[in-house]
Amino acid sequence: MDCHLSILVLLGCCVLSCSGELSPQPSNEVNLLDSKTIQGELGWISYPSHGWEEISGVDEHYTPIRTYQVCNVMDHSQNNWLRTNWVPRNSAQKIYVELKFTLRDCNSIPLVLGTCKETFNLYYMESDDHGVKFREHQFTKIDTIAADESFTQMDLGDRILKLNTEIREVGPVNKKGFYLAFQDVGACVALVSVRVYFKKCPFTVKNLAMFPDTVPMDSQSLVEVRGSCVNNSKEEDPPRMYCSTEGEWLVPIGKCTCNAGYEERGFICQACRPGFYKASDGAAKCAKCPPHSSTQEDGSMNCRCENNYFRAEKDPPSMACARPPSAPRNVISNINETSVILDWSWPLDTGGRKDITFNIICKKCGWNVRQCEPCSPNVRFLPRQLGLTNTTVTVTDLLAHTNYTFEIDAVNGVSELSSPPRQYAAVSITTNQAAPSPVMTIKKDRTSRNSISLSWQEPEHPNGIILDYEVKYYQKQEQETSYTILRARGTNVTISSLKPDTTYVFQIRARTAAGYGTNSRKFEFETSPDSFSISGENSHVVMIAISAAVAIIVLTVVTYVLVGRFCGYHKSKHSAEEKRLHFGNGHLKLPGLRTYVDPHTYEDPTQAVHEFAKELDATNISIDKVVGAGEFGEVCSGRLKLPSKKEISVAIKTLKVGYTEKQRRDFLGEASIMGQFDHPNIIRLEGVVTKSKPEMIVTEYMENGSLDSFLRKHDAQFTVIQLVGMLRGIASGMKYLSDMGYVHRDLAARNILINSNLVCKVSDFGLSRVLEDDPEAAYTTRGGKIPIRWTSPEAMSYRKFTSASDVWSYGIVLWEVMSYGERPYSQMSNQDVIKAVDERYRLPPPMDCPAALYQLMLDCWQKDRNNRPKFEQIVSILDKLIRNPGSLKIITSAAARPSNLLLDQSNVDIATFHTTGDWLNGMRTAHCKEIFTGVEYSSCDTIAKISTDDMKKVGVTVVGPQKKIISTIKALETQSKNGPVPV
């Protein structure tokens, strides 16, 4: 450290000053001796007496200080000693000596080259007692001290001297104290100050742990120090630090954390303010009280709920206080005989919680609603009575013609803590006539080798007049894979044609006007052993009889297959009171033959849908969003994750709340239809949900939606080959349906779905119906909506639908595809379309439509349905076009495509017309002749100038004839210029 010393050497006195600023003493240094701080004389021992001399001066702050100097440079063999007083070492083991001094350059003193020195020696001696007599040999040399800078005569003249600072280590020291000694051997030196100190690691707080002053033990190792936690904190990991020999703290390990109700602020743990809390020990900060809670004092670990607000026992303190929800709203009941479906809306006020559930309280009431009692334990709730998470429940097994009141409680996690009354909504209903209860016992009366006679008691609760009983039986070993159903009017029956020595399983259920009751439990009975054997004398007779029977059966089956009269089951009358039906898996099927079964023939739609569709667990279905609304409810997109299978995207149709039984039957009917189809161009049914609400139909998800919307969105973006590929897929799907004997009735581009690979699939089977046994027979509808613009003339006129009428609709779909989703007959009303089609008007070819495709459209639009191609032929035609793309380059001529006009399939030669009447007859608009007779448009020349408004004035108001006449007029103009043009 360089400072400047201004000194006056006069009569042994000097004044010291320093032009530089002194650094403050570090906090980790503890002084044992500092000569500058001693008031008065230092009193150190100087030997010999004419050696070191104590003088007074002032420092840079003009504070008086005592210093020692010596300058015996003229004499040889100088040995001047200066010893300090005894210095206690306290706890130090290693001490540091800091010397500040000035030293005269020997070269600046004349005649002293042989005797002048520029160094002095530093010594020390340990001692347990002070007052020890000075003896040179007892001291141990620490070091020889030399000046970094010395002063000259010139410096003396300027009174500016340079101050040197040197620090030396001493130790380890073991005794209670020590002396320092300075030996001069002939230098001109002044000791400005002497400071003796040791280093310590000072008190500090680290990681909320306090570490005390610590003195290093030796010069080699670190001292491990255990910290103690500050107030209102506790150890998380034991806090430790290491004190180095340089008095520095190193390597903090572990820490303390503030207690609950306190947070770290600097080096302390401070209590949370009112309105804030901290629930647990740790480094977290105090948090503001959650809604509807507060604190009034410092250091709170949780917040108290406001009046009428609560926090459940397991709720974390950070959760807002809540209250019970309000009552459910908009309760709707849908009664079905002795069951009821209850639907309701969520409470307006959830109380601030999401864990809302619903409990159903059932009460059976007399005609006076106030006189009620709890319902019988036999009443069932689906999915359950308590803890419902959805807003619907089905209640079954109610008594017929009985009043019930249902109270729907809304509860959440704090409802049990609240004292206010229950929050519920109530609805009262009266049940209708119910199906009969099960037959409880079946008794075996007689048994033979091939028959069993059974009897049973009427159900305990018939709930009406028993119409008949259904007896279902099958061989036990077949496990219900093939069963027989027999109907009986009484409570007994004899089943014959059984196998000897065979166990059969029987179930019986009763039927009333309200429908079938549930099946009885299963009863097992065994026929008698077979004691009959074929002897030698009659074996040939038996073999002939068996052969004849087999031949008759085979012939009967073949006949049924050829005429298409096989209906899935065999009927035969056994008596006036019994009917027998035999099923294989519910329907008898022949290898290689797949026939569509109309689900509407089933009395119970649920039985039909379970026959053809897979029941899904609603928990495996997740709904993402609502994408539209259908006839029966919402249409959603979502995901289906079946066990051991990959999650797939699906479309979900739901049955709306408050449905009628007919709507439910139609809804499940559509699923029963789809479930019978398995073709890459038919929408695939993934399954149904009928055992929970809402009921759902789950199908594969088609990313691009309906074909018409998709084409409009991507107008003119596909090649002709791509469009033909789409059409080929639709035709292939329709061929599959036709082969199954199935009529769609609503084939349109809006009912074709397209996926991301541009694969088209037929969908929407809401209007579909089954064909009769004759493949060319028609199903006559009983009314309902018909899509006029897509429907064939015979279907519009006579309500008769066949596969040929589907071919007509396919022609319209073909037109929609080639026009990129335009609406057919877009400028015409439905009535105009019906009249125009009946008069043989047809849609014009779309822009740039290949002639081969337009010809296929016209073939599909033949008035005689027998002249239309079959779907098999359409698939073949499209395959040929795909294999020969050059044939698609021939575009329909402009002459055959008047702009925005319908095109008559008949070619009219205008040159053959001589009068207006001939012309109108040629266009099949003879009914307009009387209108034009007697008016100014009585000749071809005058009528060529007619406009649409002019036709309306004279009475031609139907759009079809209007457009036909205008089209022919344009052709007439072309004829007058270029010759005849076909129209």
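Just so it is clear, glycine is given a Cβ too, placed from its N, Cα and C backbone atoms.
For 1-20, the entry in Swiss-Prot reads signal peptide.
Taken from Swiss-Prot, the feature topological domain 'Extracellular' covers 21-540, and the record attributes it to sequence analysis.
The phosphotyrosine annotation in Swiss-Prot covers Tyr596 (among others).
Marked as phosphotyrosine by Swiss-Prot: Tyr602 (among others). Following the DSSP three-state reduction, the secondary structure of Tyr602 (phosphotyrosine) is coil. Under 8 Å, Cβ to Cβ, and six or more positions away along its own chain, Tyr602 (phosphotyrosine) finds Ala608, Glu611, Ser672.
Taken from Swiss-Prot, the feature phosphotyrosine applies to Tyr701 (among others), supported by similarity to another entry. The local packing around Tyr701 (phosphotyrosine), expressed as other Cβ atoms within 10 Å of its Cβ over all shown chains, amounts to 19.
Here Swiss-Prot flags Asp746 as active site, proton acceptor, drawing on sequence analysis. According to its DSSP assignment, Asp746 (active site, proton acceptor) is coil.
Look at Swiss-Prot and you will find Tyr779 (among others) tagged as phosphotyrosine, backed by similarity to another entry.
What Swiss-Prot lists as phosphotyrosine is Tyr937 (among others), and the listing cites a large-scale study or a structure entry.
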Winner by Cβ contact number (other Cβ atoms within 10 Å) across the recorded positions Tyr596, Asp746: Asp746
Rounded to the nearest Å - Cα separation of Tyr701 (phosphotyrosine) and Tyr596 (phosphotyrosine): 24
Whole-number Å value for how far Tyr596 (phosphotyrosine) lies from Asp746 (active site, proton acceptor) (Cα to Cα): 18
Across the topological domain 'Extracellular' (21-540), average pLDDT on the 0 to 100 scale: 87
